[in-house]
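Here is what TrEMBL records for this protein:
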- Gln211, Glu261, Asn311: S-adenosyl-L-methionine binding site (BINDING)
- Cys339: active site, nucleophile (ACT_SITE)
Amino acid sequence: RTVLQTLTSHLLELGGGVQDPGMLCCPLQPVVPSPTVNGYRNKSTFSVNRGPDGNPKTVGLYVGTGRGQNIVCVRTDHMMNIPLKHKQVAQCYEQFIRCSPLGSCILFHEGGHWRELVVRTSQHGHTMAIVTFHPQQLGQEALAAQKALLKEFFTCGPGAVCALTSLYFQESTMTRCSHEQSPFQLLHGEPHIFEDVLDLTFRISPDAFFQVNTSGAEVLYRAVRELSQAATNTVLLDVCCGTGTIGLSLARHVSKVIGVEIVQKAIEDARWNAAFNGISNCEFHSGKAEAVLPELLSSWEDARPLVAVVNPSRAGIHHRVVRAIRSCGAIRRLLYISCKPEGEAMRNFLELCCPPDPGKKLEGEPFAPALAVPIDMFPHTAHCELVLLLTR
């Protein structure tokens, strides 16, 4: 509600092309609950840092602030939203690094090697673990030895109890590192895990985006389908499409789906997912949305109704993406999905809905917020996923 009040206030201040201020009053539906409340996360990221007892090889989540200089890493035994399998893998990883002669990498310039752990699971019973490792000055032989020890621990040693489907290793000298920057190395098992959503099966790569609440995702995608008013003559534009879950879940209700995603591996997954599920009316483009979308929409001549769905990271969508969407008169309905609407998404809302501004190259008829649907994708937290319908 605060987000909508802020948006409405800003748009009224901008005035300009707004003919009827009343149209800015956007109805807010009640929060749609998650079907699963406990242990719903299918992906958890665990840090390695000093615990409350000072041990620098504690695996868990951060508590405290950098400003207060009181950050500690605490185990997640008490966390209601993290499933037992994730906790088990984290405990085993902690056991492994505490037996390792190599130190944990807390600050890059201070050395150390063992870094965060990502665990992904699915309703199929699959478990993927991804270990991030700072190589520092280690040579290839020493790196190979550490990978062999890690694999042995999780396949033959105490970690075998986790029954990992996939074990990945990534050498990273940055806080976050893509597969293109530093490939994910498969040490054991299958290269992918699989998940079912709305009677479709999806393949998931190590760094591919997938909603962290699978049952909540089904609620979200049903809401998107209803709000999109998708029909058999509709073209659906899925921006930041990840592994194609939104587009593919609507593909059988529309004429065509066009997906755009920056992560190459996610696009490979999306294309595989379409073929595996027998869906042939989808095309997926790999690249930055700000590079792909302007070219795609500038020459748009298709007479079919065009509906856009945008599901970006917390950083929101690039200014050039906003300009491309506004300038394409064929887009009359836009669904913006955000897990942090009060952040950078608010900038996007204002750019999409403000009067034309030649100075900012914001042309075309502005959108107006028509309906807001909050979905509780993150039980046990104060956050909701917001689906904001914009029309013009």
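In case you wondered, yes, glycine gets a Cβ from its N, Cα and C as well.
Shown on the structure are the features that TrEMBL records.
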residue	record	Cβ within 10 Å
Gln211	S-adenosyl-L-methionine binding site	23
Glu261	S-adenosyl-L-methionine binding site	26
Asn311	S-adenosyl-L-methionine binding site	23
Cys339	active site, nucleophile	19
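Separating the Cα atoms of Asn311 (S-adenosyl-L-methionine binding site) and the residue listed as 'active site, nucleophile' is a whole-number distance of 9 Å. Taking the C-alpha positions, the distance from Gln211 (S-adenosyl-L-methionine binding site) to the residue listed as 'active site, nucleophile' comes to 10 Å. Apart from Gln211, Glu261, Asn311, the S-adenosyl-L-methionine site neighbourhood in this chain, defined by C-beta within 8 angstroms of the site C-beta centre, holds Phe209, Phe210, Asp238, Cys240, Cys241, Gly242, Thr243, Thr245, Ile246, Ile337.
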